[in-house]
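If you look up TrEMBL, you'll see 7-213 marked as domain 'Aspartate/glutamate/uridylate kinase'. Per TrEMBL, the feature ATP binding site maps to Lys12, Leu13, Ser14, Gly15, Gly55, Arg59, Tyr166, Asp169. Marked as region 'Involved in allosteric activation by GTP' by TrEMBL: 20-25. Summarising the annotation, TrEMBL assigns UMP binding site to Gly54, Asp72, Thr133, Gly134, Asn135, Pro136, Tyr137, Phe138, Ser139, Thr140.
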Amino acid sequence: MCNPIYKRVMLKLSGEALSGDVGYGIDFDITKSIATEIKKLISMGVSVGIVVGGGNIWRGRSGKGMDRTTADYMGMLATCINALALQDSLEDLGINTRVQTAIEMKEVAEPFIRRRAMRHLEKNRVVIFAAGTGNPYFSTDTTASLRAAEIEAEIILLAKKVDGVYDKDPYKYSDAKKFDKLTYIEVLEKGLQVMDSTATSLCMDNDIPILVFGLDKPENISKIVLGEKIGTLVCKE
Ligand code: UDP
């Protein structure tokens, strides 16, 4: 018998996580493996919101010499491409999915309407929140914090390439130490690269825990929801 410890989760997938080893574009084997995990969550009765990044296609800071807001809007559009790819993989497995965008593009997806998103979630549909917050100078991590608060998610599952939060870059330093648990204040004070500070502060102010884990093993998603201790938990105390 599967007993999930959460009823509603917000899954944050970076764009990088969708691109696999190539580092650019979308690897459909990855979106399929993520969709398979999400299907497990839905069958356990867990409702799932997803915020997807866009870094595999474009990041605002890639636009050197460009107007920052234009570059950021390009980044927001990139998240929409990823959202549609993810929706396709989810629907391929028979999971009802809606994409809601913070920038209106109603021929492509629904606009973000919180009450509508809640209704979809109640009906066991996965809702993918695309186009970030709709504002330049923000990130999709901040979007995940904001939407998590709005949909009353109990936790943000923050999928990364690394399997948790370390005191230094584990790819560069073999003696890097992984944390099992951190407080929001520790993350901010130590300048740890978990989320940007805006996103971390928003989680802190609204008491939303963040679980940082490695997406190299997609099955981590269902394991976490079933209570297995994986990755690094960032919370109040
Ligand atoms: N972005 C933005 N406002 C938002 C969310 C995203 O301007 O509310 C832009 C920003 O330029 C960012 C890009 O979209 O670099 C892609 O998002 P992000 O870098 O967070 O994606 P990830 O690193 O998760 O792949």
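Any Cβ shown, glycine's included, is placed from N, Cα and C.
Between the CA atoms of Asn135 (UMP binding site) and Ser14 (ATP binding site) there is a gap of 18 Å.
Candidate binding-site residues: Lys12, Leu13, Gly55, Tyr166, Asp169. Those with a Cβ under 6 Å from ligand 1, in sequence order, are Gly55. Taken residue by residue with DSSP, Ser14 (ATP binding site) is part of neither helix nor strand, so it is coil. Each residue contributes its Cα atom, and for Leu13 (ATP binding site) and Gly54 (UMP binding site) these two points are 9 Å apart. Across the range of the region 'Involved in allosteric activation by GTP' (20-25), the DSSP-based residue counts are 3 helix, 0 strand, 3 coil. In sequence order, Gly54 are the binding-site residues from Gly54, Thr133, Tyr137 with a C-alpha within 10 Å of the C-alpha of Ser14 (ATP binding site).
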